[in-house]
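Residues annotated as domain 'Phosphoribosyltransferase' in TrEMBL: 6-208. According to TrEMBL, the feature 5-phospho-alpha-D-ribose 1-diphosphate binding site maps to 79, 104, 131, 132, 133, 134, 135, 136, 137, 138, 139, 200. According to TrEMBL, the uracil binding site annotation covers 194, 199, 200, 201.
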Ligand code: URA
C-alpha cells in the first residue's frame, strides 16, 4: 500500500489557507500554488539517492555528495496540474515535463486519455504526477495507468488537497505510488468537489468560470 505523506510544514499550511480563501484572486492564487509546489518538491525529493564524488575546494580535496538516482519527469494532469510545474522546476530545473489530458466519457463516466506526451526515456525516469486536487481519484488513477503503460516504473503523486475517497482509490489501484498532499479534507460533495477544498482549481488558476 502506498504511503500518504501529509506535509504539514507551517509555511505550506499558511499558504494553503490563502489558497482556500475564496477572496484570493487569480494572480495571488497562481503565485501561492507555485510557491507551495516548490515547498512540496523539497519534501517529495527527500528520499532521492546520493552518491559521493571528489571535488577540490579552494582549500583541499573533499568527498561530497551529488544526486545519484534516476532523472526526473514531471507530469501535470491537464489542466490544473500545469499550475504546479514551474514551482517544482525551481528546485529541479533539469527535470523534463510530460503532459497527460483526460476527459470523462459522458456514457461510461470513466476518464479517457485524449493527450499524452512524455519524455522519450520513460523507463529511466522517476515521475512526479501533479494535480492540485485529488477528488474521486478517477483521473489520477487513469493518468498513472497511462504512464505505467508506457513503461514508467517509479511514480509519486503530488496534490495540494485530497479527499479521503481519492486517497483510497489511488492506494487500491496503484499501491506502489506514494501520495504527497498538503491536506486531506473532510469529504466530496454530490458534484465531486472537495469539502471544504478550494473550489475549482483550474478556474481559479486560469481565471475562467
Ligand atoms: N477538482 C477541483 O478543481 N476541485 C475540486 O474540489 C474537485 C475536483
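Cβ atoms here come from the backbone N, Cα and C positions, even for glycine.
Predicted automatically and left uncurated, TrEMBL annotations should be read as such.
Features recorded in TrEMBL, as mapped to the structure shown.
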{"residue": "79", "record": "5-phospho-alpha-D-ribose 1-diphosphate binding site", "CB count, 10 Å": "16"}
{"residue": "131", "record": "5-phospho-alpha-D-ribose 1-diphosphate binding site", "CB count, 10 Å": "28"}
{"residue": "133", "record": "5-phospho-alpha-D-ribose 1-diphosphate binding site", "CB count, 10 Å": "27"}
{"residue": "135", "record": "5-phospho-alpha-D-ribose 1-diphosphate binding site", "CB count, 10 Å": "24"}
{"residue": "137", "record": "5-phospho-alpha-D-ribose 1-diphosphate binding site", "CB count, 10 Å": "25"}
{"residue": "139", "record": "5-phospho-alpha-D-ribose 1-diphosphate binding site", "CB count, 10 Å": "22"}
{"residue": "194", "record": "uracil binding site", "CB count, 10 Å": "28"}
{"residue": "199", "record": "uracil binding site", "CB count, 10 Å": "15"}
{"residue": "200", "record": "uracil binding site", "CB count, 10 Å": "15"}
{"residue": "201", "record": "uracil binding site", "CB count, 10 Å": "25"}
CB-centroid shell, 8 A cutoff, uracil site 194, 199, 200, 201, site residues removed:
132, 133, 193, 197, 198, 202, 203, 204
Check the binding-site residues 133, 137, 139 for any whose Cβ is under 6 angstroms from an atom of ligand 1, and report them in sequence order.
133
Reported as an integer number of Å, what is the Cα distance between residue 135 (5-phospho-alpha-D-ribose 1-diphosphate binding site) and residue 201 (uracil binding site)?
11
Compute the C-alpha separation of residue 137 (5-phospho-alpha-D-ribose 1-diphosphate binding site) from residue 194 (uracil binding site), stating it in Å without decimals.
11
